[in-house]
Amino acid sequence: MASKNLLALVVLLSVLGVSVAIPKLNLNLDYYRSKCPDAERIVRRVTEQYVSRKPSLAAALLRMYFHDCFVRGCDGSVLLKSPNKDAERDAIPNLSLRGYEVVDAAKTALEKKCPNLVSCADVLALVARDAVVVIKGPWWPVPLGRRDGRISKLNDALQHLPSPFADIKTLKKNFAVKGLNTKDLVVLSGGHTIGISNCALVNARIYNFTGKGDFDPAMNPSYVRELKKKCKPTDFRSTLDMDPGSAKKFDTHYFNVVAQKKGLFTSDSTLLDDVETKLYVQTQVATGGISFNKDFSDSMVKLGFVQILTGKNGEIRKKCAFVN
């Protein structure tokens, strides 16, 4: 409870313009103020350049940050390349990640201004936030001072990334291991309000759920019919909106979709299988999402503290795709 209250205080004070340090966790909202005072402005400028031209990058970069933090913590390990194709980014769930060029461009700009000072882990944290803001989504404070990990393993990604096929019990365990609670789970699932997926991840749900040519009973039959028009049984490539009808706008429409049993993934539909997550979904629908932006900001701050490397741990990479 103490750490949760601390984070809430950080968010509140930062919104009010008060500088806040977090000595215990070695992260600080002003970490680069004396070392590289233009760091956040540089990242914001680069992110705006890319995302304003291609708004779909906002969802991609938010997803990349989530995938980074859930595997070995928020250490930039998802950015690393391996000559043997056995890094996190080579795992099947990460093959569809995109937006690396935005992180690389921001890092390159920072290296010109402040060489060897700003970690790739911090760059990714800032880029994810700024990308969401560009498409008029919520802002959240990003305490800085993370260092970059040197290890990136394909099998770690397979083991720790929450699956779109997971039920609520499994998802709650996935999140709890990372210090995130049930509310964080349902709130961060709301990030599916933007972005796309593809038919490969839903075909079994709509055509052969139990091996008898049936569809998942947790899905609205009318939604199944819509999906079948877009995804033929052998189609694994066509794209699908994760929030049909509002996939380009960061809003609370996602919760309306889930409440109508139109969640694209099992991990979306299963939010109705738990008392706490179902109540949150219903509350956002009933109130027009009155608390979602604040809740999302709070949960994103918590996510940014997952298994961070600070101090003498890790390194400051010169290039985000390679260890020094």
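Cβ atoms here come from the backbone N, Cα and C positions, even for glycine.
Taken from TrEMBL, the feature active site, proton acceptor applies to His67. Taking a C-beta cut-off of under 8 Å and a sequence gap of six or more, His67 (active site, proton acceptor) has these contacts in its own chain: Val78, Glu88, Pro93, Asn94, Leu97, Ala157, Leu161.
Annotation source TrEMBL lists Ca(2+) 1 binding site at Asp68, Val71, Gly73, Asp75, Ser77, Glu88.
In sequence order, Phe70, Thr170, Leu171, Asn174, Phe175, Ser267 are the residues near Pro162 (substrate binding site), counting only same-chain partners six or more apart with C-beta under 8 A. Per TrEMBL, substrate binding site is recorded for Pro162.
What TrEMBL lists as heme b binding site is His192. Taking Cβ-Cβ distances under 8 Å and a sequence gap of 6 or more within the same chain, the neighbours of His192 (heme b binding site) are Met242, Asp243, Tyr254, Leu264, Phe265, Asp268.
In sequence order, Thr193, Gly289 make up the list of same-chain residues 6 or more apart from Asp251 (Ca(2+) 2 binding site) whose Cβ falls under 8 Å from its Cβ. Taken from TrEMBL, the feature Ca(2+) 2 binding site applies to Thr193, Asp243, Asp251.
Look at TrEMBL and you will find 26-324 tagged as domain 'Plant heme peroxidase family profile'.
Sequence annotations record features per position, and here TrEMBL assigns signal peptide to 1-21.
Cβ packing within 10 Å was compared across the binding-site residues Ser77, Thr193, and the lowest neighbour count falls to Thr193. Residues near Gly73 (Ca(2+) 1 binding site) in space but far in sequence (CB under 8 A, at least 6 apart, same chain), listed by position: Gly149, Val306, Gln307, Ile308, Leu309.
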